[in-house]
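See below for the structure under consideration.
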Amino acid sequence: MSSYIMLVLLLLDIYSSCVDGYLSSPHVGQDPPYLAQQKSVMSSPVALTASSASPVVTDNYVSKCPSGGLCSKLPADCIICALHHNCSYGRPHNYTCRPRAGVHCVSDQGERQQNFTLSLLCRFCFQLDASQYRCSNSSDCMTVSCPRRRYNASCEVLEHVHCLGKRVFQKRLFCNWTGGYKWSTALALSITLGGFGADRFYLGQWREGLGKLFSFGGLGIWTLIDVLLIGVGYVGPADGSLYI
């Protein structure tokens, strides 16, 4: 009887040790490796981002391109042309073009075209007329100076204009910006209230304005000189801008 009890206790001890070992295992409560791998692939944000962003990258130009219009009237971003420089400057030359993916256009007869011929003048983008591109403005340069100063502007060709080379280019332009000062207002203030320095204060030249104010316009001499200088445009705004 005692041996039977000892055998039962031994079996219970072995069973309890097995249960404790299983419960303390690091794999309890976790998915099998293949299930965990499948979950990580299905819920990966990288995979979803790539698949959802790819059509946006390829179709971002489609909204700018009219559908069903003439192929020859499409903007430059909507077509792909086999451009080359083997042409005479200023003369028209024919180039073979095709609409980009997702863009549909027709010929003059209303038939859909995959390839068409586009006639362009042989000239680079930086050789276009100033009305055919837009350039950045600069308010950091003096417009009233001798010789006239220039600044480096970034220019971009208009959408409907076709040309050779890069559509974004750098160009040296004259400083030509205004701060809102009117020449007529400055001249009127110089004639009427120039003795109190009102013209100089209006142009932002407060030091000269204080000098005229406390000297009563230089006893009239400074006032007459300022009328002449403002009248011919020699004296301008203190920020270096042009008159309106």
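Including glycine, each Cβ sits where the backbone N, Cα and C put it.
What you are looking at is a predicted structure, and each value in this text was computed from that prediction instead of being measured.
Residues annotated as signal peptide in Swiss-Prot, with sequence analysis given as evidence: 1-21.
Per Swiss-Prot, topological domain 'Extracellular' is recorded for 22-176 (among others). When pLDDT values are averaged over the topological domain 'Extracellular' (22-176), the model yields 75.
Feature annotation from Swiss-Prot assigns N-linked glycosylation site to Asn86 (among others). Taking a C-beta cut-off of under 8 Å and a sequence gap of six or more, Asn86 (N-linked glycosylation site) has no contacts in its own chain.
With a 10 A radius on its CB, Asn94 (N-linked glycosylation site) counts 10 other CB atoms from all the protein chains. For Asn94 (among others), the entry in Swiss-Prot reads N-linked glycosylation site.
Taken from Swiss-Prot, the feature N-linked glycosylation site applies to Asn115 (among others), supported by sequence analysis. Around Asn115 (N-linked glycosylation site), the same-chain residues six or more apart in sequence whose CB sits under 8 Å from its CB are Thr96, Cys97, Arg98, listed in sequence order.
As annotated by Swiss-Prot, N-linked glycosylation site applies to Asn137 (among others), with the evidence given as sequence analysis. The Cβ neighbour count for Asn137 (N-linked glycosylation site), using a 10 Å radius and every protein chain shown, is 11.
Per Swiss-Prot, the feature N-linked glycosylation site maps to Asn152 (among others). Following the DSSP three-state reduction, the secondary structure of Asn152 (N-linked glycosylation site) is strand. On its own chain, Asn152 (N-linked glycosylation site) has Gln170, Lys171, Arg172 as residues at least 6 apart in sequence with a Cβ closer than 8 Å to its own Cβ.
For Asn176 (N-linked glycosylation site), the number of other Cβ atoms no farther than 10 Å from its own Cβ, over all displayed protein chains, is 14. Residues or ranges marked as N-linked glycosylation site in Swiss-Prot: Asn176 (among others).
Look at Swiss-Prot and you will find 177-197 (among others) tagged as transmembrane segment, backed by sequence analysis.
The domain 'TM2' feature in Swiss-Prot is assigned to 180-227. DSSP assignment over the domain 'TM2' (180-227) gives 39 helix, 0 strand, 9 coil.
Taken from Swiss-Prot, the feature topological domain 'Cytoplasmic' covers 198-212.
Look at Swiss-Prot and you will find 213-233 (among others) tagged as transmembrane segment.
The topological domain 'Extracellular' feature in Swiss-Prot is assigned to 234-244 (among others).
Looking at Asn137 (N-linked glycosylation site) and Asn176 (N-linked glycosylation site), their Cα atoms lie 8 Å from each other. For the recorded site, Asn115 (N-linked glycosylation site), the DSSP three-state label reads coil. For the topological domain 'Extracellular' (234-244), the number of residues in each DSSP class (helix H, G, I; strand E, B; coil) is 0 helix, 1 strand, 10 coil.
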